[in-house]
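Here is the structure we will look at, set down as structure tokens.
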Amino acid sequence: CTVIITRMVTKDLHKPISILFCNLAFSDLLTSFSGFWISVLFITKPDNTIFGSKDMLAPYALYTTSILSTIYNLVSIGIERYLAVAESIRTRFRVARSHSIAVVLVNWVLAFFLGCLPLMGWNCLHMGKNLSVLYGPFCVDYLIFITTPSVVAAFIVPLFTYLRIIMILRKRKLRMKACGQATGTYKSAEIRVARTSIFIWLLALVSYAPFFAGVLFDATNHRCPLDLYPNIYIFRNCTAMLIPMNCLGNPIIYTLKANTLGAKLKSLKCLSA
């Protein structure tokens, strides 16, 4: 919420990348809200934890939509940063606010469509087979369908884009060094990008890899849910706790470490005081 409010009230932060940052914060906020909704349902109706019910369809669909939107936003930010560096100054002017808004709309439409497929009928409420043990009443084939491309996108695309950025900065640094010019700016930029990309990769790995492992377990498991109680559900709860860690880490990595945003945040605090 702090990131969203700060970026909305600060006009000079209304840049294409800032729109993506603000949308990422909104996706993380929606993920946390839907996770809280699921937790309340588990507390009030404990049987939903094991067997699932129709009441779980809407919160799980919202949870899936928000997670998919977060992943698509992370991929979009990586691509935008690559375009801003790869084609030098000209691309920074080509990537306009309208382009970022269009990307945000496409991300939400795609995430909403895929996330709401169970509400449209792709669920296992009335089927005796193919039911997910961990995320009932979702079907296992639906979980495989949405998680496999999302995991590939979350790990491969940011890795490629940030590695390419590092390679471009290093190439320009060597070119300037050969011409006898100062290379301190490119060296510091290379270090910052490398550090940020490592944090992004580790955060995504810690947050989403256990969830994907649970989906793979669902696909290969043929045991009764009661036989798996309580260990597998403890694992499921742990994976559910790791996803909000991604929501907490994203503002730190992408926005709160930015000097401009930090200065604006301090100025807002002074005005409120």
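Here the Cβ of each residue, glycine as well, is placed from N, Cα and C on the backbone.
On a predicted model such as this, the values are computed, not experimentally measured, just so you know.
Residues or ranges marked as domain 'G-protein coupled receptors family 1 profile' by TrEMBL: 1-254.
Annotation comment: TrEMBL describes 17-40 (among others) as transmembrane segment. Within its own chain, the transmembrane segment (17-40) is flanked in space by residues 1, 3-4, 7-8, 56, 59-60, 62-63, 65-67, 69-70, 73-74, 76-77, 80-81, 84, 97, 100-101, 103-104, 107, 240, 243-244, 246-248, 250-251, 254-255, which lie at least six positions past its ends and keep a Cβ under 8 Å from the stretch.
Summarising the annotation, TrEMBL assigns transmembrane segment to 60-79 (among others). Counting residues 6+ beyond its ends, the transmembrane segment (60-79) has Cβ neighbours under 8 Å at 17, 20-21, 23-24, 27-28, 30-31, 33-35, 37-38, 103-104, 107-108, 110-112, 114-116, 118-119, 135, 138, 146, 150, 153-154, 157-158, 161-162, 200, 204, 208, 243, 246-247, 250, 254 in the same chain.
Nonlocal intrachain contacts for the transmembrane segment (100-122), taken as residues 6+ away from its ends with a CB within less than 8 angstroms of a stretch CB, comprise 16-17, 19-20, 23, 57-58, 60-66, 68-69, 72-73, 76, 80, 137-139, 142, 146. The transmembrane segment feature in TrEMBL is assigned to 100-122 (among others).
The annotation transmembrane segment is assigned in TrEMBL to 142-167 (among others).
Long-range neighbours of the transmembrane segment (198-217) within the same chain, counting only residues 6 or more positions beyond its ends whose Cβ lies under 8 Å from a Cβ of the stretch, are 71, 74, 78, 133-134, 140, 143-144, 147, 151, 154-155, 158-159, 162, 232, 235-236, 238-239, 242-243, 245-246, 249-250, 253. Residues annotated as transmembrane segment in TrEMBL: 198-217 (among others).
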So what's the average pLDDT for the domain 'G-protein coupled receptors family 1 profile' (1-254)?
-> 77
